[in-house]
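Peer 1: Have a look at the structure that comes next, please.
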Amino acid sequence: MVEHVPFKLKSEFEPQGDQPQAIQKIVDGVNEGKRHQTLLGATGTGKTFTMSNVIKEVGKPTLIIAHNKTLAGQLYSEFKEFFPENRVEYFVSYYDYYQPEAYVPSTDTFIEKDASINDEIDQLRHSATSSLFERDDVIIIASVSCIYGLGNPEEYKNLVVSVRVGMEMERSELLRKLVDVQYSRNDIDFQRGTFRVRGDVVEIFPASREEMCIRVEFFGDEIDRIREVNYLTGEVIREREHFTIFPASHFVTREEKMKVAIERIEKELEERLKELRDENKLLEAQRLEQRTNYDLEMMREMGFCSGIENYSVHLTLRPLGSTPYTLLDYFGDDWLVMIDESHVTLPQIRGMYNGDRARKQVLIDHGFRLPSALDNRPLKFEEFEEKTKQLVYVSATPGPYELEHTDEMVEQIIRPTGLLDPKIDVRPTENQIDDLLSEIQDRVDKDERVLVTTLTKKMSEDLTTYMKEAGIKVNYLHSEIKTLERIEIIRDLRMGTYDAIVGINLLREGIDIPEVSLVVILDADKEGFLRSDRSLIQTIGRAARNDKGEVIMYADKITDSMQYAIDETQRRREIQIAHNKEHGITPKTINKKIHDVISATVESDETNQQQQTELPKKMTKKERQKTIENIEKEMKKAAKDLDFEKATELRDMLFELKAEG
């Protein structure tokens, strides 16, 4: 039985500006059963706070989808703060590193699946699915991995092991049930997904918990006592009358179903081998027979095998080609989906299926997998649409899909800080570089910063060189710059080491810099992805964190995209100015703390204190290994503290260090 718990929003702020009307409109829309709604929220208007208020008012389990792990991590931290008493969960891919299995026919190279699984994220995924079966006050922040195949939710729910004080049950029966749901006995290395036995006491470490295990004490053939215990210290946290243990894997199957699944796999193998041999693909047939029989043997003996997800269509006894189960199936009938940065996230959801299919088809053609492996896949976009009932799209620049499916945009234009969208000035390209240098110098004199966006790498490089020769402290930000260096450049811009940054695509997250008072768009009239109306509005938004924010577009004609961006920005400015005037608000630049660059933590032998250090350019093998260990330690600590941004940056540093080694 799912427990009903109301959402309790904790915040020192009340909705202000146009947040109250946005909240009310979306809540009314959800209650009226509207399928599609769009929150058009300008940069810095508090969209997350509005989303939180909607969830509180509507009171439905909610799935929030973000387009990458970093963004999902930021949202998870924010929603945890807003809803400390409710179940806020995190569901992203549990791979720190993932190389899917693949085959390159031209070089006859098979690449084995190689992955580094993050145990903490695996625990959070289990916590998310089990929460949905226990309570209805659940918010799950997910990346697009939520549309990838997961086990059958009915099977997952039906296979739970329920223990209650006073229940008649032999100890051996509990152990057998735990093994059936893929827990393994380990009396020495006690960790998630294992249990240990000490006389009449069985201790179970649930897959969904981080530091708490369950101690079940027997008296004869009866459960005498159940307690929650800290697995490290042994300290008793609390007594329990009842506890539900969810399976240790989402791909869990009853024994009788496993037998049927194995028969189905054998039948498919037989048919596929005949096909391959008829086509005279003898090497492929031999390879497939060998690999599949090994997997079948593992399933018979262990109930599991490496890459078991490739047999998911058989394990769940679904017809070939049918829609896979995903996280979406773990929600009940009445729930809500919010898609953050929908103009980026929706195209990502749409594109997942085709990319996955192309890679798997090569493996099937060359005898590495059975054709049914195609059914272990992400959802097609049409299937995603079928499975979701009510959606709220959140974006500063909604895409064509949102515009087409939403009757009326819910606008949120006013910033709590009173900051306005920037003024836009269109200037001719003649003498544009000299004019640009003069504008930058003007900002330098006022201790302000500048972002310059160009269309090509060559233009960026040439412009950076020219500006350096003219005495301007400038750096160039491009896609080949590694994560750590990128963070350093942005920090140095804020600190004043640089006056300006030149780049091609400055829309990536992490470029919200309050010190930037001028954004310059070169070649604004060259139509294309980087100069579309949505891209221009996003770029203009980079100057909306400063009360002196201004945008200069250099162009010889005004394109439709430019006109739309200019008109939209002016419309928003007028709304913001009117609101500030009515309420006596003076716009104020955001004061954002400048963080030190994340760098390797080195322990000083004398003081044993942690200190920040720049990564040396050259290191011995031993120094590199020590640095890697320190960064790994710091990364895990950051993840534990829910500082996912920092953890992600440290992870990228690790990849760079390992690649260089």
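Just so it is clear, glycine is given a Cβ too, placed from its N, Cα and C backbone atoms.
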Peer 1: Quick one: sort out which of 94-117, 142-165, 214-237 is the motif 'Beta-hairpin' according to Swiss-Prot.
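Peer 2: Comparing 94-117, 142-165, 214-237 with Swiss-Prot, motif 'Beta-hairpin' matches 94-117.
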Peer 1: Given the binding-site residues Gly41, Gly44, Gly46, which one has the fewest other C-beta atoms within 10 angstroms of its C-beta?
Peer 2: Gly44
Peer 1: Which residues of the same chain, at least 6 positions away in sequence, have a Cβ lying under 8 Å from the Cβ of Lys47 (ATP binding site)?
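Peer 2: Same-chain residues close to Lys47 (ATP binding site) (Cβ under 8 Å, separated by 6 or more) are Leu39, Gly41, Val394, Gln412.
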